[in-house]
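Q: When I checked Swiss-Prot for this same protein, it listed these features:
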- 1-230: topological domain 'Lumenal' (TOPO_DOM)
- 1-30: region 'Disordered' (REGION)
- 12-30: compositional bias 'Polar residues' (COMPBIAS)
- 231-251: transmembrane segment (TRANSMEM)
- 252-380: topological domain 'Cytoplasmic' (TOPO_DOM)
- 277-344: domain 'SH3' (DOMAIN)
Amino acid sequence: MSDSSAPDLPSKPSSLNAGQSSSLQTTNTGIGMGSGMGSGMGMGTYGNSYGSSYGGGYGSSMYGSGGYGMGGYGSSMYGGSRYGMGSYGMGGYGMGGYGMGMNTGMNGMGMAGSLAQGSEATFQLIESIIGAVGGFAQVLEATYMATHSSFFTMISMADQLSHLKTALGSMLGIYTVINWLKRIMGKLMGVKNKLTPDEFRKFQEKQMKKLSNSNNTGGPNKNTNKLSLKPLLLFLAAVVGFPYLLKKLIAHLAETSQMNGNFITSGGSLQGNLDPTKLEFARALYDFNPENEEMELKLARGELMAILSKTEPNSNQESTWWKCRSRDGKVGFVPYNYVEIIERHQRPVPEAQEEPAAAVLAERQQQPIIDSTEFQKMKT
């Protein structure tokens with residue numbers, strides 16, 4: 001083959017770099033979210049006071065490993081900031097103020113430091129009470145705002161209903177005016193608008209006659225109470241037919257997706273119907289460990305593979321990374337200089353097989369043709 005030292009990898013196409021950068025971007029996004037949320041809670045309006053107090057306190061170690069030290073309330077207002085390392089520690093009475101010259105020395109553990117350390121728990125308790133009261137005040141404020149907004153919403157709705165009432169009244173007033181005009185026209189023309197008892201009695205007698213005639217003859221509404229089977233048949237068809245059609249549809253979709261999945265897995269989505277007689281095969285010259293196992297194919301020295309494509313998927317140009325398929329069915333890209341193409345040796349078609357057939361044909365053509373007289377002589 002060649003020497004054992006593997007050559008340098010060629011430059012990757014844009015499709016491989018895009019897949020690798022997307023995975024790295026996902027990882028960096030997770031790191032950014034973690035660091036951003038961690039630092040944002042501590043560096044807010046109150047600095048490390050409420051940030052580290054409620055962030056690291058209730059989140060990681062309030063009374064555990066942090067206690068009132070760096071994790072719980074230590075890094076808050078009265079821990080590492082005011083009475084710890086800030087004001088009365090190394091800054092106030094420690095090294096800066098009265099540390100080196102008077103009382104506390106390098107460590108800041110004099111009278112002021114001991115008082116600050118002793119009163120730290122009390123101030124932290126007061127701080128937690130103030131925080132709880134502040135939270136309760138925020139809840140009350142939110143409740144008040146919700147009640148206020150809902151109250152004014154109801155007022156605006158009542159106002160809109162009053163406008164609707166006015167609009168409906170004006171619309172119904174038109175019909176009132178029309179009825180009033182009809183009455184005036186009836187009075188002018190002598191039409192009686194009021195129904196007299198005699199007229200009502202006549203109307204009632206006519207209705208009774210119509211009802212008796214319909215009961216005797218059957219009438220036009222004879223089959224009104226007969227039950228119809230159409231709603232029942234439609235209901236049964238919907239109950240039985242809809243699940244059947246849905247099952248057929250799901251089976252068809254599953255079969256289609258399975259065929260597409262097999263087609264993509266076999267590499268047919270990019271290469272179409274591959275002809276095995278026209279495929280090129282290659283042998284790995286060196287071991288290759290891919291950086292992105294989803295896009296690249298791992299190679300072992302001497303491994304055989306089939307070359308599916310030598311072009312880039314996006315631009316269809318000649319690429320330095322070839323798409324190959326291994327014996328176990330895995331598909332991926334490999335560098336072109338890590339493999340060698342296996343040349344096929346075509347067997348020549350032997351011409352000796354055609355010579356006997358040609359000789360037999362020539363002999364048959366040279367044989368004399370027997371006519372009818374010679375055939376009669378041969379019979380006698």
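Heads up, the Cβ atoms here are built off N, Cα and C, so glycines get one too.
Help me see these features in their spatial surroundings.
A: Long-range Cβ contacts of the transmembrane segment (231-251) within its own chain (Cβ-Cβ under 8 Å, at least 6 residues beyond either end) are absent.
Helix, strand and coil counts from DSSP across the domain 'SH3' (277-344) read 5 helix, 34 strand, 29 coil.
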Q: As a test of reading the model: what is the averaged pLDDT for the topological domain 'Lumenal' (1-230)?
A: 65
